[in-house]
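So that you can see what the record holds, here are the features copied from Swiss-Prot:
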- Cys1-Cys7: disulfide bond (DISULFID)
- Pro32: proline amide (MOD_RES)
Amino acid sequence: CSNLSTCVLSAYWKDLNNYHRFSGMGFGPETP
């Protein structure tokens, strides 16, 4: 990772996206 804050934000967004997907609603960009 070149930028720590970007790294953390990316990981956080991924978790957030997974959380919403499990909750039954899409959130954020689609990830494979």
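Along the chain as shown, the residues are counted starting at 1.
From the backbone N, Cα and C atoms, a Cβ is placed for every residue, glycine too.
Under DSSP, Cys7 (disulfide bond) is assigned to a helix (H, G or I) in the three-state scheme. A sphere of 10 angstroms centred on the C-beta of Cys7 (disulfide bond) encloses 11 other C-beta atoms.
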